[in-house]
Amino acid sequence: MKKIAVYPGSFDPITNGHLDIIKRGLSMFDELIVLIAYNAAKSSLFTVQERIEMIQEALHDRKGVRVDSYDGLLVDYVRKEGGNVILRGLRAMSEFEYEFQLALMNRRLNRNIETVFLMTGYKWFYTSSTIIKEASRLGGSPKGLVPEVVFRKMQEKYPLMNKGK
């Protein structure tokens, strides 16, 4: 039986910290689905389609991974895809309490689905999509913190970023 994990997030944009979790997750599971969860409460920099394309390009050389989007209950998606694991990355202990609550709710909704937490690599500990977007908007460069495809797309969105190269 294939071990299928789903790694959900907004990925707006995907960062090298996310890629670290994906690459490590691929060593644990037969298939990893990077799931862009649609969140109407958040205003997004990139459309869902743009995010799918950037993630696919960033992971083009990886086998066993695919990218999808979903607007619904996560456990329903995992079950529909034949998965049994939700993969989550943690940067700090402060994130654990919230993630733990989500994991317990998902477990209550479907007892056959487990949540696996991976600590982000120390190199990416401080990296978040929100911080990267804010720094870029103000002229800072995210080079080295995001895949090259994301860097190029962010240059289009944030003209100030181009001045600081």
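Glycine too: its Cβ is placed from the backbone N, Cα and C atoms.
Computed from a predicted structure; not experimentally measured.
So that you can see what the record holds, here are the features copied from Swiss-Prot:
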BINDING   SER10, LYS42, LEU74, ARG88  substrate binding site
BINDING   SER10, PHE11, HIS18, GLY89, LEU90, ARG91, GLU99, TRP124, PHE125, TYR126, THR127, SER128, SER129, THR130  ATP binding site
SITE      HIS18  site 'Transition state stabilizer'
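Sequence features annotated in Swiss-Prot and their locations in the structure.
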residue: SER10; record: substrate binding site; Cβ within 10 Å: 18
residue: HIS18; record: ATP binding site; Cβ within 10 Å: 24
residue: LYS42; record: substrate binding site; Cβ within 10 Å: 11
residue: LEU74; record: substrate binding site; Cβ within 10 Å: 20
residue: ARG88; record: substrate binding site; Cβ within 10 Å: 21
residue: LEU90; record: ATP binding site; Cβ within 10 Å: 16
residue: GLU99; record: ATP binding site; Cβ within 10 Å: 15
residue: PHE125; record: ATP binding site; Cβ within 10 Å: 13
residue: THR127; record: ATP binding site; Cβ within 10 Å: 20
residue: SER129; record: ATP binding site; Cβ within 10 Å: 22
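Across the structure, SER10 (substrate binding site) and SER129 (ATP binding site) are spaced 9 Å apart at their Cα atoms.
Residue pair ARG88 (substrate binding site) / THR127 (ATP binding site) shows a Cα separation of 15 Å. Largest Cα to Cα distance within the recorded substrate binders SER10, LYS42, LEU74, ARG88: about 19 Å as a whole number. In this structure, the C-alpha atom of LEU74 (substrate binding site) lies 21 angstrom from that of SER129 (ATP binding site). Cα-Cα distance from HIS18 (ATP binding site) to LYS42 (substrate binding site): 19 Å (rounded to the nearest whole number). Rounded to a whole number, the C-alpha distance linking LEU90 (ATP binding site) with LYS42 (substrate binding site) is 20 angstrom. SER129 (ATP binding site) sits 13 Å from LYS42 (substrate binding site), taking the CA atoms of both as reference points.
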